[in-house]
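Step one of this worksheet: look at the structure below.
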Amino acid sequence: MGRLVEAIIASILLSLCFTITKSAPKSALITNLPGFNGTFPSKHYAGYVAIDKHRNKNLWYYFVESERNASVDPVVLWLNGGPGCSSMDGFVYEHGPFNFEPKKKNSHLLHLNPYSWSKVSNIIYLDSPVGVGFSYSNDNADYTTDDTKTASDTHTFLLEWFKMFPEFQSNPFFISGESYAGIYVPTLAAEVVKGHKNVTKPVINFKGYLVGNGVTDEVFDGNALVPFTHGMGLISDELYEETKLVCNGTYYTGGQSGVSKECAGKLKTVSDTVNLLNLYNILEPCYHGTSLSALDIEFLPKSLLTLGKTEKPMAVRKRMFGRAWPLGAVVRPGIVPSWSQLLAGFGVPCIDDTVATKWLNDPAVRKAVHAKEEKAIGNWELCSSNLEYRHDTGSMIEYHRNLTLSGFRALIFSGDHDMCVPYTGSEAWTKAMGYKVVDEWRPWMSNNQVAGFTQGYANNLTFLTIKGAGHTVPEYKPRESLDFYSRFLAGEKI
């Protein structure tokens with residue numbers, strides 16, 4: 001009898017494996033990648049999903065099956081910020097299946113990443129909105145978009161994607177992202193929940209979401225810098241106390257009134273004091289190029305000079321750029337200026353994404369990942385110069401409240417050395433939700449070391465810091481990131 005049961009179980013497991021092989025679109029399967037000579041630890045797929053066939057409007061994705069158990073592990077959508085930056089940024093530089101070793105020639109060597117998030121999850125890297133990365137439309141009007149349209153389009157993508165990959169419809173589904181994805185993630189989550197209420201098919205088995213160093217609310221984000229710079233020892237006690245006094249403890253008000261003249265003066269002093277630091281990780285060196293003319297330097301916004309050029313251990317990342325609201329400014333309603341608009345006519349310091357740019361513009365790579373040729377849709381850019389983007393959804397606080405009160409789990413994580421979207425803002429708004437503290441502030445551990453600190457709230461909300469990390473947390477702390485990511489997805493205590 002026991003052998004019969006074992007045989008039945010084995011047959012079921014075999015049929016599940018066969019289902020995955022059979023159901024996934026064969027045309028999307030990636031069979032090789034230039035630069036990688038080994039065996040993929042799991043299946044990779046890439047291609048386009050038409051979200052509007054009449055307009056030939058298409059979103060491009062790269063899907064990595066879990067290396068553990070694809071049939072039951074969560075499916076996670078990853079979104080980079082910008083707005084308008086490709087999620088292949090996360091694939092190449094943060095938590096994708098490969099580490100990229102740049103070569104002096106045009107080729108790159110790819111090595112397996114021991115801390116890839118595909119170790120424990122199926123993960124979709126999506127170029128969104130249309131006009132970003134390899135995503136495109138035949139109608140240029142589609143390159144004028146906003147938060148609301150982006151959320152709707154991405155929801156349409158998900159519905160179509162799960163039809164293409166029906167074997168994953170029952171898997172737990174999570175949405176994740178960083179920086180301006182602090183807007184993308186909750187607005188998309190709200191669309192998914194709305195789809196549940198409208199009984200939209202297929203039903204997405206949505207369980208929760210993760211946001212890293214995400215822009216959220218203009219007042220909370222705007223008030224984060226001064227306490228961050230003081231807490232990090234970047235400004236003096238005297239300057240902090242003087243600024244706090246003349247500003248009445250409020251450094252950004254939003255709306256039309258603004259702050260007093262005296263407060264504005266002190267805030268400028270704070271800004272000037274930290275001006276030469278690396279905006280995206282204050283521990284990293286900041287490269288100040290010598291190629292700029294005196295005229296360029298005079299007219300460039302000072303904060304541009306804080307865009308850091310860093311040397312990582314793998315020597316892949318040469319700078320930190322384009323992950324957040326331009327220049328690290330507060331997210332305000334209205335049109336978001338693109339980098340190309342801000343920098344028209346000027347030399348740009350500290351910008352070097354040669355690894356991702358060269359690799360993804362290699363015709364052999366584009367063919368391997370089923371992307372359109374350059375002559376059809378143009379070259380791949382880390383952050384698109386094609387978009388006109390409008391922020392139209394306001395504060396994310398109510399989105400988070402509605403989602404968490406509806407039973408969806410939320411992890412708000414912050415690299416504690418990011419000055420672009422400081423952890424102080426995220427800590428403040430999560431506290432201001434008013435939920436009961438159910439897990440008092442404490443250290444969390446990775447590899448038997450303190451990796452940061454966390455505080456848990458009622459209604460499924462967790463705030464987490466990552467010690468020593470900058471704006472793109474998995475890039476700086478890959479092992480620690482995989483640890484908190486794995487625990488959160490599994491519903492375990494971090």
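Numbers run from 1 along the shown chain.
Glycine too: its Cβ is placed from the backbone N, Cα and C atoms.
If you look up Swiss-Prot, you'll see SER179 (among others) marked as active site, on the strength of similarity to another entry. Around SER179 (active site), a 10 Å sphere centred on its CB holds 30 further CB atoms from the protein chains shown.
Taken residue by residue with DSSP, ASP418 (active site) is part of neither helix nor strand, so it is coil. The active site annotation in Swiss-Prot covers ASP418 (among others) and rests on similarity to another entry.
If you look up Swiss-Prot, you'll see HIS471 (among others) marked as active site.
Just so you know, the Cβ of CYS383 (disulfide bond) picks up 24 other Cβ atoms within 10 Å once every protein chain is counted. Residues annotated as disulfide bond in Swiss-Prot, with similarity to another entry given as evidence: CYS85-CYS383 (among others).
In the three-state DSSP classification, CYS247 (disulfide bond) falls within coil. Under the heading disulfide bond, Swiss-Prot lists CYS247-CYS263 (among others), citing similarity to another entry as support.
Among the features that Swiss-Prot reports, disulfide bond is placed at CYS286-CYS350 (among others), with the record citing similarity to another entry.
Annotated N-linked glycosylation site per Swiss-Prot: ASN37 (among others), in sequence order. According to its DSSP assignment, ASN37 (N-linked glycosylation site) is coil. All protein chains shown were included, and the count of other CB atoms within 10 Å of the CB of ASN37 (N-linked glycosylation site) stands at 10.
The N-linked glycosylation site annotation in Swiss-Prot covers ASN69 (among others) and is backed by sequence analysis. Listed in sequence order, there are no same-chain residues at least 6 apart in sequence whose CB falls under 8 Å from the CB of ASN69 (N-linked glycosylation site).
Residues annotated as N-linked glycosylation site in Swiss-Prot, with sequence analysis given as evidence: ASN198 (among others). According to DSSP, ASN198 (N-linked glycosylation site) sits in a coil region rather than a helix or strand.
The Cβ of ASN248 (N-linked glycosylation site) has 10 neighbouring Cβ atoms from other residues within 10 Å, across all protein chains displayed. According to Swiss-Prot, the N-linked glycosylation site annotation covers ASN248 (among others), on the basis of sequence analysis.
Note on ASN402 (N-linked glycosylation site): other Cβ atoms within 10 Å of its Cβ, all shown chains, come to 14. Annotation source Swiss-Prot lists N-linked glycosylation site at ASN402 (among others).
Annotation comment: Swiss-Prot describes ASN460 (among others) as N-linked glycosylation site. Neighbour list (ASN460 (N-linked glycosylation site), Cβ cut-off 8 Å, at least 6 residues apart, same chain): GLY208, THR404, GLY407, PHE408, ARG409, ALA410. For the recorded site, ASN460 (N-linked glycosylation site), the DSSP three-state label reads coil.
Residues or ranges marked as signal peptide in Swiss-Prot: 1-23.
When the active-site residues SER179, ASP418, HIS471 are ranked by how far their Cα is from the Cα of ASN402 (N-linked glycosylation site), SER179 comes first. The two recorded residues, CYS263 (disulfide bond) and HIS471 (active site), have Cα atoms 27 Å apart. Here the Cα atom of CYS85 (disulfide bond) is found 10 Å from that of SER179 (active site).
For CYS247 (disulfide bond), the nearest neighbour among the listed active-site residues (SER179, ASP418, HIS471), judged by C-alpha distance, is ASP418. The closest partner of ASN248 (N-linked glycosylation site) among the active-site residues, by CA position, is ASP418; the full candidate set was SER179, ASP418, HIS471. Most buried of the disulfide-bonded residues CYS85, CYS247, CYS263, judged by other Cβ atoms within 10 Å, is CYS85.
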